[in-house]
Amino acid sequence: MTMNATSGNACPPPMKSASNGGFQGDNPLDFALPLAILQICLVFVVTRGLAYLLRPLRQPRVIAEIVGGILLGPSALGRNKSYLQAVFPPRSLTVLDTLANLGLLFFLFLAGLELDPKSLRKTGKEALGIAIAGISLPFALGIGSSFVLQATIAKGVDSTAFLVFMGVALSITAFPVLARILAELKLLTTNVGRMAMSAAAVNDIAAWILLALAVALSGNSESPFVSLWVFLSGCGFVVFSILIMPPIFKWMTQRCHEGEPVDEIYICATLAVVLAAGFVTDAIGIHAMFGSFVMGVLVPKNGPFASALVEKLEDLVSGLFLPLYFVSSGLKTDIPTIQGLQSWGLLALVIFTACFGKIVGTIVVSLFCKVPLKEALALGFLMNSKGLVELIVLNIGKDRKVLNDQTFAIMVLMALFTTFITTPAVMAVYKPARKAKLAVYKYRTIERKNTYSQLAILACFHSARNIPSMINLIEASRGTQNRDALCVYAMHLKEFSERTSSILMVHKVRKNGLPFCHKHHRADSNHHVVAFEAYRQLSQVSIRPMTAISSMTNMHEDICATAERKRAAVIILPFHKHQRLDGSLETTRNDYKLVNRRVLEHAPCSVGILVDRGLGGLSHVSASNVSYCVTVLFFGGSDDREALAYGARMAEHPGIRLVVLRFVVEPSISGEIVRVDVSKGESSSTGSVSEDEEVLTEFQKKIAGDDSIMYEEKAVKDVAETVAVIREFSQCNLFLVGLKPEGEVVCALKRSEYPELGPVGSLLVSQDCPTIATVLVMQQYHNGVPAKFDTE
């Protein structure tokens, strides 16, 4: 009987790692490796799908990951026991939790990299006061709510540990989540953003100290001295790390030079140190994540070393392994345990207590520090955001038996609600004027009466691939030898994402979340800055590198706002396709096509789309070696006049030969070409023709006697002849064309494969026109009238 009872209650055997395959009768879901792969893939699909659905609401990805974990757990899909037993059987949870905690360990190392200890020293009195109020009042209210919970649904738990856990859970502000919300709303470096980040940094450090205390108090030992020894040992570990590790990390950083790959031994050694620190803190009795977080804080933030660590870790950890932690948490969250009026009333009480403590405490102190009311309200909601750190606290409490199932579910829903309302609440109460009304500036086009006035260009680029052609185009645009004739702002367009590297980049922003200038060339500047800085020193051009960090949906706002702030006459944008080795065009990213179209619609000045085919080769061509042939295809209209004006300016460069081809219809067959868009009326067409004639007449007068400029008129009778003429001049280096040329010939082309390039630009990049020339398509500014594009 005893043997039967024992065998009946025996634990299931541990899972083997890999199966022999289905053909040999093995079920892959009975083995650890294939089951873990299935779990990871399922988690990835669910969390990324939810993140996509929540993107229009501008919610941080942590919301999708928390909700995804809950959906995969017993609260939703897990109510089907067959699914739960097949995909998340109890014997697989050890492997899942191990992977999840390993991902958590390295993620908190990255979170430590985001936190700069030097910024804490610069924390002002206002931010310090807000941080203290944002900790003390919610902590006190958390203690108060803990007594209510202990008297109802949390009977029999360790009173001291439960009290501290509740206080910590309500007083936390999630620093990484807050940084992403601020960056998404472009508030990171406003007064509100700076104050919120400073207060959150102080709050974060205080929360980790309180969490270490809570973990120490939640041990199994009945002796209070054990908890004291755990806490003191943790403090000793931190002190030891502060004394020993910074010199070692600094030594590694000094041996990593900008522009050179970081030696693998330094990366591996750092990751080994992170794991060792996690082992030590786990052995002490707090948690492995404490050690990894401390190591992240101590790594120097300047130089390529920290960037290399982030680059090696962030995608694998944040994108693949960290969501497992949310699923691990979701498997412990059983929302149906919240039953009855009492339980839902306790949920409302906890949410109200959490929000009231954070928001009211922050607002009162902010108003006392003479912060405006709207900013104080925004600070209150921002400081109320929770996230991963909150889940870490709750999971430790659940594992240490301090929180039961019902309390755990209530606290998870509280964290989800407070984080979800942060973005819409801040957008509702605080809308800073990001774009101040600027004085009207005169030169918004290249075409102008005073051709000797300074030309301001905003040249945008996506990556190092665009830089050589962009610099060579700038060199061709400098015109006369007057140093002040050209002013260029070279803006690197970077996408903001949930990645740690994006937050590290955004921390450098100086002006209200808008693009910032690299005013001082430093040794740790990136290679994009170095390239433009070298060109500035060798040329006669005033050039200033910039960086814009935006999501793809509002990147055009940064470009247009910067063009207006810098009083640019033209914005140069790279085409969304780049040239492959075989000469064909390959899509870089389709998102950039939408960015270009939005800029064309909303730009405060003229715009040029550059189809890069290696203008001048793969390196910067010095001024003395420039030898380009630039061809302007002129059909008529304001955009063509802008292309002509740009070409005329380029022709001032001694190394450039300009060819202007004007296309006219042979009189005898002008009626045979189909006329398009006749609804515009005779007056508009006549006015445009008269302007074209006036500009061309003036242009011919200016170029009289100039051997470097050739002007020809080509009479054509149909589209075939037009294409044939263009092919004759296809051996030039650069074509300049208008986005929307006018006239009967161009209307007959009817080619709109790329609406942002127009009919002529689309022809030049198509297979019908075999040319290796770079193409620059110009749109002239039309007094604020937005451009329209046909949807494909």
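Using N, Cα and C of the backbone, Cβ positions are placed for all residues, glycine too.
Features as listed in TrEMBL:
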{"type": "DOMAIN", "residues": "51-424", "note": "domain 'Cation/H+ exchanger transmembrane'"}
{"type": "DOMAIN", "residues": "484-625", "note": "domain 'Cation/H(+) antiporter central'"}
{"type": "DOMAIN", "residues": "628-782", "note": "domain 'Cation/H(+) antiporter C-terminal'"}
{"type": "TRANSMEM", "residues": "31-50", "note": "transmembrane segment"}
{"type": "TRANSMEM", "residues": "62-78", "note": "transmembrane segment"}
{"type": "TRANSMEM", "residues": "98-115", "note": "transmembrane segment"}
{"type": "TRANSMEM", "residues": "127-149", "note": "transmembrane segment"}
{"type": "TRANSMEM", "residues": "161-183", "note": "transmembrane segment"}
{"type": "TRANSMEM", "residues": "195-219", "note": "transmembrane segment"}
{"type": "TRANSMEM", "residues": "225-244", "note": "transmembrane segment"}
{"type": "TRANSMEM", "residues": "265-290", "note": "transmembrane segment"}
{"type": "TRANSMEM", "residues": "344-369", "note": "transmembrane segment"}
{"type": "TRANSMEM", "residues": "408-430", "note": "transmembrane segment"}
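Taking Cβ pairs closer than 8 Å, the transmembrane segment (161-183) reaches residues 60-62, 111, 114-115, 134-136, 138-143, 145-146, 149-150, 154, 193, 196-197, 199-201, 203-204, 206-207, 210-211, 213-214, 217-218, 350, 353-354, 357-358, 382-390, 393-394, 397, 400, 402-403, 411, 415, 419, 422-423, 426, 496, 498, 502-503, 506, 513, 549 in its own chain, all 6 or more past its ends. Contacts between the transmembrane segment (62-78) and the transmembrane segment (408-430): present, as 3 or more C-beta pairs lie under 8 angstroms, all at sequence separation of six or more. Between the transmembrane segment (98-115) and the transmembrane segment (265-290) there are 3 or more Cβ pairs closer than 8 Å, counting only residues 6 or more apart in sequence, so the two stretches are in contact. Between the transmembrane segment (265-290) and the transmembrane segment (127-149) there are fewer than 3 Cβ pairs closer than 8 Å, counting only pairs 6 or more residues apart in sequence, which means the two stretches are not in contact. Through the fold, the transmembrane segment (127-149) approaches residues 162-163, 166-171, 173, 194-195, 198-200, 202-203, 206-207, 210, 346, 349-350, 353-354, 356-358, 360-362, 364-366, 368-369, 379, 383, 407 of its own chain, all at least 6 residues removed from its boundaries and within a Cβ separation under 8 Å. Mean pLDDT of the predicted structure over the domain 'Cation/H(+) antiporter central' (484-625): 76.
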